Amino acid sequence: MTGQVLYAQLLYGGSGILLVLLGLWSFLVHGPLLRKLIAINLMGAGVFHILVAIGYRGIDTPPDPVPHALVLTGIVVAVSATALALAFGKRLDQDDD
Amino acid sequence: MMIDALPLAVTLPLIGAFAVTVSPLHARGLGLMAAVLTAASALSVTAAVWSDGVLRADLGGWGVPLGIALEADGLSAAFLAMANVVALAVSVYAGGYFKQESARHFWPLWLLLWSALNGLFLAADLFNLYVTLELLGISAAALGALTGTREAVAANLRYLLVGLLGSMSYLLGVALIYAAYGVLDIGLVAEAIEPGPVAWTAMTLMIGGLILKAALFPMHFWLPPAHANAPAPVSAALSALVVKAAFYLALRLWLDVFAPVLNEAAANLLGILGAAAVVWGSWRALRAERLKLLAAYSTVAQMGYLFIAFPLLAATPPGLARDNLLAAVVLLALTHGFAKAGFFLAAGMVQKTAGHDRIDDLGGAAQALPAATFAIGLAGVALIGLPPSGTFLAKWVMLEQAMILGLWWWLIVMMVGTLLAAAYIFRVLSRAFNREPTPYRFVNDARTELPALLLGLIATFGLGIAAQPLWVLLEQGAFG
Amino acid sequence: MIRPLEHIIIPIGLIAVGGLLGWSFFLAVTGDTGERLAAVALARVPDSGVSNPVTSVLLNFRAYDTLLEFAVLLAALLGIWSLGAADTGFQPAASVLDGMVAGFVPLLILSAGYMLWVGAYAPGGAFQAGALLGSAGVMLALAGHRNAGLPSEGRLRILVALGVFVCAMTGLLLMVAGDGFLTYPPGLAKWLILLIETAATLAIGATLAAAYLGGRPTAHPTSGETT
């Protein structure tokens with residue numbers, strides 16, 4: 001593995017870890033549903049970042065397609081869960097009126 | 001022509017979900033048909049593992065490491081059989097419970113949940129397990145909110161969010177494993193894994209995410225409101241099967257993937273949390289005012305027993321004693337599955353007839369609903385762990401092993417939990433019997449009462465007296 | 001005011017977690033893992049029926065994941081529908097927005113078709129195409145079309161469950177035919193993938209647009225107030 005690849009992987013993976021931590025912090029600290037939901041999605045973005053970083057193999061080498069496919073699957077799952085959570089939240093708001 | 005029962009057990013409920021989504025007017029008939037076919041295919045998997053040993057199917061024909069495989073060994077086959085018998089009983093019950101509008105919403109989500117359960121028990125790929133976990137979590141939360149009350153929606157929103165947090169933690173662990181070892185198949189990861197910070201962190205992330213989903217104390221806060229406010233058949237499925245699936249996966253990872261990295265500290269931590277769950281859950285169950293809330297807290301306690309097994313397993317050297325202990329733990333999980341499902345179904349019957357489920361006002365339920373009360377009694381016998389239930393046998397083996405190992409503190413916890421369980425079950429029964437007898441029929445509504453009764457009977461008599469087959473089944477596996 | 005849990009204990013805990021994660025990640029990527037699955041996946045791409053490696057993984061090597069993922073989308077939408085009917089929607093758009101939407105929606109549908117086709121060779125595929133279709137629906141909903149351009153409930157139910165059905169049926173029929181579950185015969189792989197992707201594109205697009213409406217479609221798509 002060349003230094004350039006490792007550097008990029010650590011930069012992107014490190015940012016991913018940072019996103020996970022920010023999301024986790026927000027999830028633990030903030031009460032409102034929307035903030036918790038954004039926090040979860042932020043964590044998800046972080047994990048996907050890490051997976052993409054794992055798949056990177058250098059400028060001239062084709063990336064590892066497996067983590068990319070995992071990320072695509074993960075995104076769809078995250079979108080679905082977010083949509084359901086928002087519908088739950090909307091239902092609760094309607095009850096408040 | 002060649003039929004492979006492994007993918008069938010996952011795909012049939014998916015086809016069923018399509019059918020009931022497309023023709024909601026026939027949801028019940030089509031749903032029941034899909035339920036019978038699914039259960040038949042899953043039980044045939046268990047039968048095949050019983051007779052021929054470990055089954056494996058390479059989906060897509062690529063084989064590992066590139067493709068995804070399904071695999072059934074003794075452990076998966078045992079959980080698969082329990083889940084599908086309980087799910088079939090829940091389906092029969094639901095056929096009478098849900099009418100018109102709610103039936104249209106129940107059936108497709110229920111079949112999707114069932115598919116996720118079978119997929120989870122059969123999966124041999126760490127990322128595929130993530131997808132099944134999410135399918136399970138999303139369909140379970142949607143089903144739990146079917147009553148549409150504010151409490152139910154709020155509780156299940158919390159459940160969904162907690163479940164998502166758990167899945168994210170699990171997925172992060174999977175990412176680390178893929179980065180370090182370059183494979184996702186459980187068998188290949190188990191071969192490649194080496195003790196070290198990477199494996200240790202991945203284990204913490206994955207098992208940590210799963211105990212959040214298994215509602216292990218102190219992460220149990222979401223369970224009682226979510227399970228107590230769901231419609232009765234859904235409560236039964238959530239308490240008996242969905243949390244059990246998370247436990248199954250934790251056990252599977254513990255035994256098969258992380259075996260080389262295990263350490264006693266982690267096992268003891270899980271055991272201590274389990275002990276706290278036993279005491280706290282039982283205590284809250286004793287104090288609960290509603291029957292379904294009691295059942296939900298009792299699930300928190302019963303999940304605790306299962307996690308007490310981890311330190312015992314870690315302290316027992318491989319061999320006959322360990323196999324015995326493992327079989328006892330699985331027996332405990334399966335018995336609780338049957339018993340708790342039966343309990344919730346019967347409680348739903350009581351709630352529907354009485355119009356409430358306040359324990360103090362249950363007076364006369366035994367006279368009005370003899371079959372349902374009998375089912376609660378039978379399930380209670382299994383929840384306490386009286387002979388001849390499977391729980392009795394399982395707890396006996398666990399207690400004996402704890403004594404042999406000199407770990408007497410686990411013994412005390414299990415005794416205290418059993419006493420508290422006896423107290424909360426007798427509290428229900430004493431209330432149910434406290435009125436002058438009036439003549440009623442034993443069975444009032446066969447479709448809803450018989451499944452509950454049958455599950456109670458299996459938990460108390462079936463698994464207790466005839467537990468031997470489980471020992472045979474569990475020999476079909478890669479662990480020792 | 002400093003709240004100890006929020007401002008001290010949790011951040012310190014998270015910094016420790018971050019250190020552990022960073023260290024593990026560093027060890028994991030610098031360890032002796034070689035190519036991971038990249039080499040074996042890229043080597044088999046020519047046999048997969050498509051030449052885009054990511055599509056090969058999603059719809060051939062790991063197609064079973066994708067099947068369950070369609071089920072996840074369906075479960076989320078059915079969960080949303082079980083909570084009640086959709087809102088009355090936005091007020092009809094004025095002429096400028098309406099004209100813009102009238103231009104953009106066909107363009108999005110066209111782009112979705114292109115995405116679907118190009119996914120076999122280059123970045124693209126059912127998910128991207130479905131997202132474009134879904135965004136066309138969202139745009140229509142924003143411009144005041146109550147059902148976001150979606151068909152009546154009966155057809156919509158077929159549409160949103162189509163991905164699960166076509167993928168599962170393909171898998172089962174291949175198994176019955178003797179090839180194995182979701183194991184495409186060499187010559188047919190390209191077409192079976194296109195078939196599943198087409199069904200998936202429609203299902204994903206319809207599901208996303210329907211999820212955006214936030215509730216069950218109402219019986220009278222164009223008229224009336226419902227609660």
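Using the three backbone atoms N, Cα and C, a Cβ is placed for every residue, glycine included.
Residues or ranges marked as transmembrane segment by TrEMBL: B:6-25 (among others).
The transmembrane segment annotation in TrEMBL covers B:32-55 (among others).
When Cβ-Cβ distances below 8 Å are used as the criterion, the transmembrane segment (B:75-94) is approached by residues 9, 31-32, 35-36, 38-39, 42-43, 45-46, 49-50, 103, 106-107, 110, 114, 117-118, 121-122, 232-233, 236-237, 240-241, 244-245, 248, 251-252, 255, 330, 333-334, 337-338, 341-342, 345, 348, 447-448, 450-452, 454-455, 458, 470, 473-474, 476-477, 479 of the same chain, each at least six residues removed from its ends. The transmembrane segment annotation in TrEMBL covers B:75-94 (among others).
According to TrEMBL, the feature transmembrane segment maps to B:106-123 (among others). Within the chain carrying the transmembrane segment (B:106-123), a Cβ under 8 angstroms from the stretch's Cβ atoms is held by residues 6, 9-11, 13-14, 16-17, 20-21, 27-28, 30-31, 34-35, 38, 42, 45, 68, 70-72, 76, 79-80, 83-84, 87, 90-91, 94, 98, 129, 131-133, 135-136, 139-140, 142-143, 146, 231, 233-234, 237, 241-242, 245, 248-249, all 6 or more beyond its ends.
Marked as domain 'NADH:quinone oxidoreductase/Mrp antiporter transmembrane' by TrEMBL: B:123-420.
Annotated transmembrane segment per TrEMBL: B:129-147 (among others), in sequence order. If one looks beyond the transmembrane segment (B:129-147) by at least 6 residues along the same chain, the residues whose Cβ comes under 8 Å of a Cβ in the stretch are 102, 105-106, 109-110, 112-113, 115-117, 119-120, 123, 153, 155-157, 159-160, 163-164, 166-167, 170-171, 174, 213, 226-227, 229-231, 234, 237-238, 242, 245-246, 249.
The transmembrane segment annotation in TrEMBL covers B:159-181 (among others). Sequence-distant contacts of the transmembrane segment (B:159-181), counting only residues of its own chain at least 6 positions beyond either end whose CB sits under 8 Å from a CB of the stretch, comprise 126-127, 129-130, 133-134, 137-138, 140-141, 144, 188-189, 192-193, 198-199, 201-206, 208-210, 212-213, 219, 222-223, 226, 246.
Annotation source TrEMBL lists transmembrane segment at B:201-223 (among others).
TrEMBL lists B:235-255 (among others) with the feature transmembrane segment.
Cβ atoms under 8 Å from those of the transmembrane segment (B:267-286) belong to residues 207, 211, 216-218, 220, 224, 294-295, 297-315, 409-410, 413-414, 416-417, 420-421, 423-424, 427 of the same chain, restricted to positions at least 6 beyond its ends. Feature annotation from TrEMBL assigns transmembrane segment to B:267-286 (among others).
Same-chain neighbours of the transmembrane segment (B:368-387): 298, 302, 335-336, 338-340, 342-343, 345-347, 349-350, 353-354, 394-395, 418, 421-422, 425-426, 428-429, 432-433, 438, 440-444, 449-450, 452-453, 455-457, 459-460, 463-464, counting only residues six or more beyond its ends whose CB sits under 8 Å from a CB of the stretch. Under the heading transmembrane segment, TrEMBL lists B:368-387 (among others).
What TrEMBL records for B:407-429 (among others) is transmembrane segment.
Per TrEMBL, transmembrane segment is recorded for B:450-474 (among others).
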Candidates B:6-25, B:32-55, B:235-255, B:407-429, B:450-474; stretch with most C-beta pairs under 8 Å toward the transmembrane segment (B:201-223): B:235-255
Contact yes or no, the transmembrane segment (B:450-474) and the transmembrane segment (B:235-255), 3+ Cβ pairs under 8 Å, gap 6+: no
Within-chain partners of the transmembrane segment (B:235-255) [C-beta distance under 8 Å, separation at least 6 from its ends]: 75-76, 79, 83, 86-87, 90, 93, 110, 113, 117, 120-121, 129, 133, 136, 140, 143-144, 166, 186, 203, 206-207, 210-211, 213-215, 223, 226-228, 262, 292, 295-296, 299, 303, 306-307, 310, 313, 326, 329, 333, 336-338, 340-345, 347-348, 479
